[in-house]
Amino acid sequence: MGEPGPSVGPPFGLLAELTHRCPLRCAYCSNPLQLVPASNELDTDQWRSVLDQARRLGVLQVHLSGGEPMARRDLPALVEHAHSLGCYVNLVTSGLSLTDGAAAELVAAGLDHVQLSIQDADTRGADAIAGARAHERKLAAAAVVRRLGLPLTVNVVLHRGNLDHVEAIVDLAERMGADRLELANTQFYGWALRNRAALLPTAAQLRAADVVVRDAVERLAGRMEISYVYSDYHERRPKPCMHGWGSRQLTVAPNGDVLPCPAASVIEGLDLENVRTRPLAEIWYESASFNAFRGTDWMREPCRSCAFREVDLGGCRCQAFLLTGDAANTDPVCQLSPHRAVVDRVLAEDVLLVPPPSVPRRMPVSRNGDAL
Amino acid sequence: MTVPDSHPEKRAFPLPDTAVPRLRRGVRLSFDPTRDSYVLLYPEGVLLPNETAAAVLGRCDGGADVATIVASLARDFDGVDAAQVSDLLRRLERRRLVEIVERPDGTVRDDG
Ligand SMILES: C[S@@+](CC[C@H](N)C(=O)[O-])C[C@H]1O[C@@H](n2cnc3c(N)ncnc32)[C@H](O)[C@@H]1O
Ligand code: SF4
Ligand code: SF4
């Protein structure tokens with residue numbers, strides 16, 4: 001470890017998590033339980049330097065996300081900076097502050113694309129899971145994006161509470177004028193894992209949704225592209241680890257930690273580097289964390305001798321850590337994993353119950369009681 | 001899973017000479033000095049087109065029709081094959097990177 005593999009190429013994408021602050025409190029949020037307080041965020045110049053270094057390293061696509069990226073006052077300046085470097089700039093937002101004025105400023109700064117998340121088809125359900133009155137403002141935000149002529153992707157995280165509404169969600173996305181719709185079953189990291197018992201869908205729900213989604217894909221071909229992310233717990237094989245650990249994309253967290261995967265801060269023993277202390281190129285090519293799971297040499301059985309090892313790369317390292325305690329294990333979602341029983345137990349237990357209430361995502365609170 | 005979004009059989013016929021291709025909204029062609037290559041940037045990713053594909057894409061300005069694009073390519077390259085150009089544009093259309101603005105019957109596509 002620590003040595004760059006022979007075939008490591010430059011990254012294409014940077015996920016810049018500008019802040020963990022957010023006006024919403026989605027129970028399904030994949031952000032870590034340990035949210036970075038505002039006082040510990042990189043400042044504007046530090047983010048500019050991250051963007052400079054990322055472009056020099058080969059990054060062409062910048063996803064500005066969080067938390068809520070629009071909570072950063074310097075967002076237009078950062079969009080402009082990324083754009084001036086020749087990057088494609090994507091804003092991943094809950095859309096609450098995406099008014100005509102704010103959006104026009106971002107477009108003038110060079111924004112290329114907006115990914116807007118909604119929570120459900122109807123206001124009540126959506127606002128319940130978001131923990132805020134958000135839905136109507138999101139619909140207004142979509143109209144703003146449309147008026148400005150930017151391409152729009154609508155993202156919806158699916159779970160037990162909204163899976164039965166997939167058809168209405170597709171209709172709504174169409175009315176919002178989405179070019180693309182991402183229907184993503186909840187991935188269980190961060191707050192979502194904390195709230196798994198409330199969010200985990202039933203197999204029957206997933207089967208029904210599958211039919212609806214296939215139908216919609218067919219019907220809307222050429223008009224709205226639909227991508228569907230499976231519920232991996234219910235599958236026999238794991239989802240691939242992104243495009244490979246340290247292969248195409250890197251994430252910079254609000255405090256400057258550089259992550260091979262957005263969820264990787266949970267892996268104990270992974271020595272994360274920070275842009276405040278080490279150049280980004282060195283971190284990408286030489287750090288122990290980025291080289292830990294590159295390629296297939298790190299694999300154990302059953303992955304090591306499996307025909308699918310280049311296809312799914314043994315699944316998700318973060319999930320392997322979260323569910324088995326060791327990130328180098330086979331993702332326990334895999335039927336061949338000796339730990340698959342962990343997942344089966346979750347499916348059997350959680351799904352029989354009436355789901356318990358979920359815990360809203362929240363920021364750490366300072367000693368005098370204010371959110372930091 | 002990403003479900004393929006269009007029916008290949010519907011799009012398989014060659015493009016008429018009068019069809020006008022352009023990059024879809026949100027798709028951008030640029031040059032990356034780091035990789036010394038043209039790059040096609042779009043919402044979900046990055047594509048590295050080869051020299052021929054980049055030459056075709058660079059001519060998809062929403063004004064030039066296929067005949068004009070082929071003629072322009074023939075001035076700069078040897079052995080330009082109209083069928084291959086049409087085929088490439090069809091593939092890019094299927095991947096939702098290129099769209100055809102003007103239909104051969106003269107109707108203009110309403111893309112909102
Ligand atoms: C963490 S959010 C940050 C951006 C912004 N606050 C928003 O929600 O759109 C980034 C994207 O991940 C999606 N997302 C959040 N939690 C998820 C989960 N557990 N599984 C899958 N996608 C998730 C959101 O819908 C959003 O599109
Ligand atoms: S998923 Fe919800 S809580 Fe998490 S960052 Fe996005 S809007 Fe905020
Ligand atoms: S054993 Fe490993 S490589 Fe084989 S299918 Fe399972 S996770 Fe993938």
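Just so it is clear, glycine is given a Cβ too, placed from its N, Cα and C backbone atoms.
These numbers come from a predicted model, not from an experiment.
Noted in TrEMBL for the protein shown:
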type: BINDING; residues: A:Cys22, A:Cys26, A:Cys29; note: [4Fe-4S] cluster binding site
type: DOMAIN; residues: A:8-223; note: domain 'Radical SAM core'
Integer average pLDDT (0 to 100) for the domain 'Radical SAM core' (A:8-223): 96
Chain B contacts among the binding-site residues A:Cys22, A:Cys26, A:Cys29 (Cβ under 8 Å): none
Sequence-distant neighbours of A:Cys26 ([4Fe-4S] cluster binding site) in its chain (C-beta under 8 A, six or more apart): A:Gln119, A:Ile129, A:Ala130, A:Gly131, A:Val157, A:Trp191, A:Pro360, A:Arg361
Remaining residues near the recorded [4Fe-4S] cluster site, that is with C-beta within 8 Å of the centroid of the site residues A:Cys22, A:Cys26, A:Cys29: A:Leu24, A:Arg25, A:Tyr28, A:Asn31, A:Gly67, A:Ser94, A:Ala130, A:Trp191, A:Arg361
Neighbour count (Cβ, 10 Å) for A:Cys29 ([4Fe-4S] cluster binding site): 25
Cβ-Cβ neighbours of A:Cys22 ([4Fe-4S] cluster binding site) (radius 10 Å): 23
